[in-house]
Each structure stands twice: as C-alpha cells, then as structure tokens.
Amino acid sequence: MHNEKLQDVGEFGLIRRIQRQVGGGDHLVLGIGDDCSIQRQDNSWELLTSTDLLIEGVHFNRQWISMEELGRKSAAVNISDIAAMGGRPKSLFLGVACPGDIPVDELESFSRGFVAETNAYDAVLAGGDTCRSLGPLMISVTVQGEVESGRAIRRDGAEVGDAIYVSGTLGDSALALQQLLAGKQPNRYLLARHNTPTARVALGRRLVQEQLASSMLDVSDGILSDLGHILEASGVGAEIELARLPLSDEFRAALQQDGSLLDLALAGGEDYELLLTSPLKNLSEKTLSSVDLTRIGTICSQPGLQVKNQDGSLYRCSRGGFDHFG
Ligand code: ADP
Ligand code: MG
C-alpha cells in the first residue's frame, strides 16, 4: 500500500520492514530484533552493540531533569541493553546535536553526568560526534559490551512452563512522568526512578554466569509490550498474575488514591528493570537469594498474553505499551 503512514504500521512495523531489507553477515550471530546485536570475535567473548536516541520534547523535557541527570540517564538506559543480554559494558560513543544557544556549562554538566554513570559500570566514553541542531537537543548513544560466547540471554529462548521474573519494582518512572505532566511534583524516590534509572548489569552477569535464564530483555516500554517481544521471538504465550506485580510503597500509596494507576505498572515504560524467563520456579528464594527478583507469571503454549486477577478472571489493561508512532 503506497499511502500507508508511519502511524499505521507503528514503530515495530517499521523495524520489521527494515529487518526484511537486511541480509545476514557471517560475523553476526544476531542482528536486528533483540536488545543488542551479537558479533563473533577471535576470542571466547562475543561483542554486543546497541544504540539509542534521546530527543528533547520526545524523551525528555529540560524543565524536569537537570543536564547532569540527563547525562547519567543517557548512559544508563543504553547500558541497560547490555545488561538485558547479560553482558558487561565496555565502550560508549556519544553523539550530541545542540541548539547553538545552550550554555557550555550545561553541556559540561551533561558530559560529567554521562562519564560518571559510564564509569560506575566500569565502562568508558570512547568517542562520539558533536554538531549543531536547528531544533531540539538530540542525543545518540551507542554502547559496546561483551559476553561469554554462546551465553547471551536472548529474547527467543522462552519455553512452555518457564517462570517469568522481573527485577525491582514496576511503574515508578511512569507514575513520576504522569505527575510531572499533570503539573505535580513527584516525591524524591519517584523522580529519581524516572530521571536516574539504574542498569541491572550485576544481575544480568549473575544470570549468565549461573546460566539461570532462558530469555531476557530490559523493560523500556512496559512489561505487556516487552513481554510481547519475548513471546513473539520464542513462539509461546504467557499468563501474568496481577497480584504478583512488584510495586514500591510510593507506587502503592498513589494506587490507593487512584486504582487506575495500576496500568502504569503494566504499560507505563522506562522501568529499565530486567524481565526474564527461567525453567527454575524459585530463583529468588533459593538460587539467587539477595537478588531482587519477583516471579510474576508463567510461559504457556496458548498464544497471547493474559493478565489474571486474583479470582482467576481476565484483567484488561486500558493502555497499550509505548510505541513512538502508535
Ligand atoms: P530497545 O527498546 O531494546 O532499545 P527497540 O525496540 O528500540 O529495542 O528496537 C528493537 C530492535 O530493532 C533492536 O534490535 C534495534 O537494534 C532494531 N532497530 C530499531 N530501529 C532500527 C533501525 N532504524 N534500523 C535498524 N534496526 C533498528
Ligand atoms: Mg532493550
């Protein structure tokens, strides 16, 4: 169809079309479609690469985040894609397109935050590009990392009967954004969850080293959408139990005022937690004690994703996951 608009096919429809134009390469173990590409090397490690854009007005608003925090967040969300494969980050590359009137000290604050965050994960800023933008501030980050050959935790390994786990808590970042959009000031905890997320690198590394996960990704668009990617890649379905979703005290407090906020934990986005499947049913209690993982559901053979209320009835989420063009 010639007159089809981007809104009609959505972000993921466009990516599928690009994917169809691309052939494989001998050096590529995995190309488009996962959190990172995987490239063979002449040693026992594979090279992981991922790239992300952050655009002012789309991904951030300078009123609500300091430039230093924006630098930290730009590094962390990219490193999160390395964590999502179970890898360790090594080098980051930073492209910045700046409006000419931004004060230099703000850009220095940005790079200070970016470098500090990068170094906190034992990675380094290794290059980039800088140019003028006639519109918004635009940030492009590429990260390279590595993982033991054959051990990367991909999206296509979930099997029927696997348990589904998620790290940390869900919905905090989306709740903070919703409050900011409504002109309210989120409390410190919620704002930090939105402005300075943490990449779960150490957890990803443990899962690889102990070979505990069958599939994994990081939650950037909400678990409904992101679990959907695992289901599609693995050719399976899933059931999630609403009552098991891990929620922070701050999120629960807001939920008491407005029950509809629960959908932010399912489809809010920007959690940057790890969502994984494992054949083991009790990862958190025994195998990975001290790790912050909650079991939220099970992989099943029936296609699709069902969210169940405590009484077994079906829950309908009123939001779709985040799609840039949806
Ligand atoms: P993530 O949320 O983990 O960053 P995305 O949903 O942005 O992943 O992208 C899904 C997959 O599509 C990734 O493998 C990514 O590299 C690939 N991708 C996205 N946009 C493009 C593009 N314009 N060209 C090629 N590959 C793309
Ligand atoms: Mg990802």
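Keep in mind that glycine also has a Cβ here, set from the backbone N, Cα and C atoms.
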Of Asp8, Asp26, Asp81, Asp101, the one that TrEMBL places in the same Mg(2+) 4 site as Asp35, Ser50 is Asp81
Note: TrEMBL has His59, Phe322 binding substrate, and from Glu4, Glu108, Glu270, Glu273 that site also includes Glu270
Expected list for ligand 2 (Cβ under 6 angstroms, binding-site residues Ser50, His59, Asp81, Gly128, Asp221) reads Asp81
Quick note, Ser220 (ATP binding site): same-chain residues at least 6 apart with CB under 8 Å of its CB -> Val77, Ser80, Asp226, Gly269, Glu270, Asp271, Tyr272, Phe322
Among binding-site residues Asp81, Arg155, Ser220, Glu270, close to ligand 1 by Cβ (under 6 Å) are Asp81, Ser220
For Asp35 (Mg(2+) 3 binding site), the same-chain residues 6+ apart in sequence with C-beta under 8 angstroms from its C-beta are Ser50, Asp81, Ile82, Ala84, Met85, Arg155, Leu217, Asp218
